[in-house]
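What TrEMBL says about this protein:
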- 8-35: coiled coil (COILED)
- 30-51: transmembrane segment (TRANSMEM)
- 92-110: transmembrane segment (TRANSMEM)
- 122-141: transmembrane segment (TRANSMEM)
- 148-168: transmembrane segment (TRANSMEM)
- 174-195: transmembrane segment (TRANSMEM)
- 227-246: transmembrane segment (TRANSMEM)
- 266-295: transmembrane segment (TRANSMEM)
- 307-325: transmembrane segment (TRANSMEM)
- 337-356: transmembrane segment (TRANSMEM)
């Protein structure tokens, strides 16, 4: 209930009540928005289940579930079960998890560095993880080895970016230096990727690396889901539990320390978790850019800057976004378009929009 404002109150009391009412309205709006956002992935899943080269209706899907999981004889053709459980469901699950991971990592990086232009791509995490995965493919690592390699090089890229920006970034130029340093580090790891492709076997390794780096979920399986779910759980759960501390970090180190928060330890945990889920996503899907930049901004427009709701909103919107983009990639054209191309076509204009808005004092 909103507090009634009596005309007999003093000016200061009226201001306080107006402020409280505004805060309650914002909280109510955020709650309603979160309820709607939480439904979006479910709707996207239902849409994705019936879309594809092989048409499957929802009744056929539920019959296949009853047949496969509970062993009931529903008369569903084996072809439908094969398409659902070997192709479509793994692809849907991987799109949900990769989209959620990249969006949460992007929102977390933006809060940690207090910079709305930051994302796993701009900080070099994606390029570093991409090089690590390409390096693993070159050396014939197994899936787990590729994931470890992606994580280590992704972490190295973010660490180098942060250290260089801390050394040379001062005052009002700190934000610009961080972004530019991240771009330089990303370019450096991109050159490492080019070297890896140059020395790779042109008949086996090079095609695998090239198609992998373009980003896509066309070859995912349940084995990939099992590999991805571990870093996703290990990385996302601590970030969700620590999301209120991201709000405190925005006030500065001194204010955070006065509230009993170890800012140095918190930064290390956040960087490790964000890099882990980025590397996990990249190791399965390849380099799918822009999600970590645009999704947190969309979530912020809907639910506001409070990380208590911003991180869950980014998770739901990111998973929904990538799943719908994947539907377009596999259904809109006669040949499948790599996800990295589609997300770039969407993300680049949005980045220009952010730059224009930044001139008005947002960045």
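Quick reminder: no glycine exception, Cβ is built from N, Cα and C everywhere.
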Same-chain residues at least 6 beyond the ends of the transmembrane segment (92-110) whose Cβ lies under 8 Å from its Cβ atoms: 41, 45, 48-49, 116-120, 123, 125, 217, 220, 224-225, 228-229, 232, 235-236, 239, 246, 270, 273-275, 277-278, 280-281, 284-285, 288, 291-293, 295-296, 299, 307, 310-311, 314-323, 326
Two-stretch contact, the transmembrane segment (122-141) and the transmembrane segment (266-295), at least three Cβ pairs under 8 Å: yes
In contact by Cβ distance (the transmembrane segment (30-51), the transmembrane segment (227-246); 3 or more pairs under 8 Å): no
Feature contact check the transmembrane segment (148-168) with the transmembrane segment (337-356), CB under 8 Å, 3 or more pairs: no
Among 148-168, 266-295, 307-325, stretch most in contact with the transmembrane segment (174-195) (C-beta, under 8 angstroms): 148-168
Integer mean pLDDT for the coiled coil (8-35): 69
Beyond the flanks of the transmembrane segment (266-295) by 6 or more, those residues with Cβ under 8 Å of it: 94, 97-99, 101-109, 112, 117-122, 125-127, 129-130, 132-133, 143, 146-147, 150-151, 153-155, 158-159, 162, 211-217, 220, 224, 227-228, 230-232, 234-236, 238-239, 242, 245-246, 249, 256, 314, 317-318, 321-322, 338-340, 343-344, 346-348, 350-351, 354
